[in-house]
Amino acid sequence: MSEKKINLLDLDRKALRALFTEMGEKPFRADQLMKWIYHFGVSDFEEMTNINKVLRAKLAAKCEIVAPEISSYQKSVDGTIKFAINVGDGQEVETVYIPEDDRATLCVSSQVGCALECTFCSTAQQGFNRNLTVAEIVGQIWRVADFIGFVKDTGERPITNVVMMGMGEPLLNLKNVIPAMDIMLDDFGFSLSKRRVTLSTSGVVPALDKLGDVLDVALAVSIHAPNDELRDVLVPVNKKYPLEEFLGGIRRYIAKSNANRGRVTVEYVMLDHINDSTDQAHELAKLMKDTPCKVNLIPFNPYPGSPYGRSSNSRIDRFSKVLMEYGLTVIVRKTRGDDIDAACGQLAGDIRDRTKRLAKKQMQQNQISVTIN
């Protein structure tokens, strides 16, 4: 049985340099290799012309460069593209490319499904199977960049921003998310500014503290409710890490970070007559008074079977004005890709649910149906 080859997309620069040293090669060769992979989109060692022929042969015998394949894609009328990425065993995660005039953002997944159970999120309703590997995380960027088109002669990439806001809770996969983001930030990797890489979390506080100790990227926090009582329902991880504990973790992260320019982005999904009253706006403003932030109001994007509706524009406008009265910077997010279910909260993928969440939900619905009838 042949030895399994090392997928080089799994290795950040430190690990890749260690591999080259182990192979009896100069560590700087790792930098050259990374440039070929991430700047020029090359996966064939024979195309790496500044690496000598003997080393190319050694690499081909021991290593491979394999990103997960694109199974299918859909393009929205607004230019947004949703990709289904095949991660094996018949499972897919979803990745979304969002082009704008001055940037091109890729929304990347970190898990097959999600271990959390936020009640307004389509991904959460699909259950959870496993964490994605480093290669599967950076491979989403690599594969989409290849699809859109690397500029081979300059190394210019078609993706300028990455947001870890796809399927999954990134802080529950720190082992793989940290080296993946290292590759995103590395000058020999995707060479993105730390202000152009954003991690979004629902509030796994110990992991947030650990992230702040080792990496500096922009942070977005999923608040979605102005008090613990409502957040316990909408974002059940709140029962373990309630708002004050989460806000303390956020402030500690901001204190360590340069990428956030002294403040964090608060994400707040607008659910009709659930969390969008003017009283709740006052409550949210008071909650955030000691945490430097800008607030991103996200019109809810319905999915099949969703128990919630989208707040009206007038309710969003009133909510926004209350927050601004407190001096908060408020942005109402422009919905992108909702016609192809690629908008915030709509990603679902194709998942083998190890949590049996879908089965339990179906059983509960059947029991309700029997009771009603």
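The backbone N, Cα and C atoms fix where each Cβ goes, glycine too.
Keep in mind that this is a model prediction, so the values were computed, not measured.
According to Swiss-Prot, the protein carries these features:
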| type | residues | note |
| --- | --- | --- |
| ACT_SITE | Glu94 | active site, proton acceptor |
| ACT_SITE | Cys344 | active site, S-methylcysteine intermediate |
| BINDING | Cys114, Cys118, Cys121 | [4Fe-4S] cluster binding site |
| DISULFID | Cys107-Cys344 | disulfide bond |
| DOMAIN | 100-339 | domain 'Radical SAM core' |
Cα separation, the residue listed as 'active site, proton acceptor' to Cys121 ([4Fe-4S] cluster binding site) (Å, whole number) = 14
Binding-site residues considered: Cys118, Cys121; fewest surrounding Cβ atoms within 10 Å belongs to Cys118
Around the Cβ of Cys114 ([4Fe-4S] cluster binding site), other Cβ atoms within 10 Å, all chains included, total 29
Restricting attention to the domain 'Radical SAM core' (100-339), give the mean pLDDT.
-> 93
The rounded CA-CA distance in Å from the residue listed as 'active site, proton acceptor' to Cys118 ([4Fe-4S] cluster binding site) is 18
Would you count the other C-beta atoms found within 10 angstroms of the C-beta of Cys107 (disulfide bond) for me?
-> 27
